[in-house]
Amino acid sequence: MEFSTGLSSSLGYYNELRSNATRIERPEGSNVDVLHFEDGDPLAICHISNIMEFTIDGKPDIEAYLHALSVAFGIHHLNTANGIWSPELEAIMTRDCPNLKFTVEFANIQTLTDVALNTAIQQTDRTVNEKRPCAFIGPIRSALALPTSMITGLRGYPQLSGSTTSKALDDPSAHPLFARTLGSDDLNAAPLLKFLRDDLNVKNLAVLHLNEPYGTSYVEALKQAVAEEFSDFSLATISMPYRQLDKQTIAEAVRSLKLTRYRYFYVIVFDVWDEVMTEAYQQGIAGNKDYTWLFSDTVGPWQLLTQKFKRGSILHKVYQGIGVVAFTAGPAAEGFGASVTESQGQADFDFLLKLAPYGLSGVMNQDQATLQQVLSAYAPFFYDATIALGLSACRALNSTGSAATGDGVPTLNGTHHYQTMVQHEFVGATGLVQFDKETGTRTNTISDLVNYFEDEEASTESLVQLKSVRTHRYEDGGWVKLHDFTFQSGSLTSPPDLPPLDVDNNQLSRPTKITSFIMCAFAIILAIAFAGWTQWHRKSRVVLASQPFFLFVICAGAIVFASVIIPGLVDESWASWNGCQVACNMTPWLLCMGFSLLFGALFTKTRRANMILNNPTPMKRIKVTVADVLKPLIALLSANILVLSLMTALDPLEWTVVVTKTDTLRGVPSETYGTCTIQSSQIPYIVTLAVINFCIFAVAIFQAWRARNISTEFAESKFVFKSLITTIAVVFSCGPVMILASDDPNATIFVRSAIVFITSTNTLLWIFVPKIMFVRKKRSSSSVRVSGLVPPPAGEVIADTTSGTEDGREGELILSVLSPTELIGQVSHLREQLQRSKSEAAALLSAPQSERNLVEEQCQSMNPSP
């Protein structure tokens, strides 16, 4: 019979023909109904059940209707032997199966598993007169295909899908009669990673997916591809529940994406694209030039091309420059959408509306160009699924043992039907279709990367219309560039997949450098000022008593010691690695030499006083020259110079960059600090230097302690002792802080600078301030010179150290060699004697004149005149 081009003519005819049959039978084990008529040959009818998610949460899913339209289009071509999209169809159906026809029904399974299962069970339980299916097409989602294909497979009905990609459907033991006209997720996972790595130089990807079979299977395929082929790729996955997605759940998932710090996201979700992208925009990871969003085929042209966004709105910003990676029909299907829509009239759509009355009228309201573009994207796979069932049914009926029963009734066994289908290839709307003989999954697939951005011609000042461009195609194991990909920024250059590496080198902050430099400068200026004061007052007795040479040595030591701060401020922000290396090796030189000069001078000063005090010969003048007390200082400096020279020449300190934190995304340092490190081979030198300088410091304290009882005019030994004790207190209080903050250069340098500053200024102030105060008061007294110790009343010890002064004295007066306790006892004794003398004088004054004369005569006899 000849039909018009519209599908309603053939589908409507064979649907009505069943009611005109005199008898309808289905042989045991067969899936076709055989219609008998009063005249003519029997007619075999293969009734196709198209189970689709026509409504989602009560709202029509227009894309499901387009898939259904392509199924109806395919059945129409099977019935009319129209080979426009499958050339072999005309010959096979005309020659081999003129009495095999097809009818279709559409069942809405929504997105509910129980509804899908009940539909499959109820339809396979039908009687012959109730149009029991011959095979099933659908559904769209893997989550529904998994349970329904178990039922249909166990009951002997082939089931094909044109969109499900879960790898779990490749299990023939659970889904024995399931096949699909596109590949599984693992066929798209590896190409996706290959494109990102090879074409965009992206090696870090965060995936957001639903916790359902399709999303889970896709993620597992990605992980497997990373493990087997893309070991240099970093993959982060975040899942959301399939059901009951609320705003808080989406916000938490997007927050997890943000925490990865990746810049490329791949989204595998259904229905909530707008909610996800809106939340991503609000959290700052979408709608700007830094981030790139890619989607799986859960987002298609229907969702994006049929919307118009308010210019400047969130959705306009977030969808600009996105990409969709999906299986595609390829160039073979170009014009498929136009062929479907242009060949159908109003009567055809009215007919479909009767078959699927779930909101198909929404299709008629769409722009025909958009409708054709959407149909060309995904519907050809369902068309080919329909053709695959029809061709294999014909081949199975004509194969040996399946053409008819013993009485000539056509018989089509479901298992044989399926096996015939997967063992044959054919050319369809999507090109050559080949099935895996064990799993029923298509083995030859093509994937496209579709780029969406503003269609400037279709957009207005207030509304934005998107357009799609296929920029890359994966075929025969490699990607081919078709057009430039436009990113969200409008640029054709791919943005980096990670945020800029912000390496914190922990270089010294400006405040730390300024503060430390001020401390250094103050200490040096103070030392220079005291040296100048010494030079100016070099003739004063207080300066001569301390010997100007040693005062100059103390100032020089303070300057050198304070200079230790300067190399500590050198890091890679100021100097090269060589410069830092030089600064490292300057530090021990300045530290040891400054320390030796500063505390060596204090040691020699207290030692000089003890030499005089401990002189065994009283009433002898002792000559204590500079050369006499300088020898220990020279020995100390020589020892330091020797060890420092050996260490610098043989095993110098090294400037080392220490890694304190590693960037987990790149595996490279993200936080470091530079420091002078001490190797194990340098420990002997360091220990030797520490022993030398600690010994001189300890001996200086001992000498100051020995001189503690000397009560001199200027009390110099007392101030030296206080200086040393203060230094100890500073080191013991600040040292632990510096050790605890060793991984913080700013804290370490500040504390170290403070120790150096306090030690140097403390010594200078204790030594020079009392002398300055003495000069200002112009205090003078007559007593034995510093060159002499006079242990009253036994005798006198004198030691010349200087030449004359402006007041005629050359040294410091030693007031006493007694200890404070002894002096206090002596004062008490003198007070008692004075009191007794007063009492005796008072008694004498009150005595008679004769007694007073007698006392006077006695006194004169005891002290006779010369």
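Glycine is no exception: its Cβ is also placed from the backbone N, Cα and C atoms.
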- Query: According to TrEMBL, which of these ranges is transmembrane segment: 259-281, 719-741?
  - Reply: 719-741
- Annotated stretch (region 'Disordered', per TrEMBL) among the listed ranges 147-166, 847-866: 847-866
- Query: So which of 586-604, 629-650, 747-769 has the most C-beta pairs under 8 Å when paired with the transmembrane segment (514-536)?
  - Reply: 747-769
- Note on the structure: If one takes Cβ-Cβ under 8 Å and requires six or more residues beyond its ends, the residues near the transmembrane segment (747-769) are 508, 512, 515-516, 519-520, 522-523, 526-527, 530, 533-534, 546, 551, 554-555, 558, 561-562, 564-565, 568-569, 594, 598-599, 602, 716, 719-720, 722-723, 726-727, 730-731, 734-735, 737-738, 741
- Message: Same chain only, please: residues at least 6 beyond the ends of the transmembrane segment (548-566) with a C-beta under 8 Å from a C-beta of the stretch. Say none if there are none.
- Response: 516-517, 519-520, 523-524, 526-528, 530-531, 534-535, 538, 587, 590-591, 593-602, 604-605, 626, 629-630, 633, 752-753, 756-757, 759-761, 763-764, 767-768
- Segment confidence, the domain 'G-protein coupled receptors family 3 profile' (582-775), expressed as mean pLDDT: 77
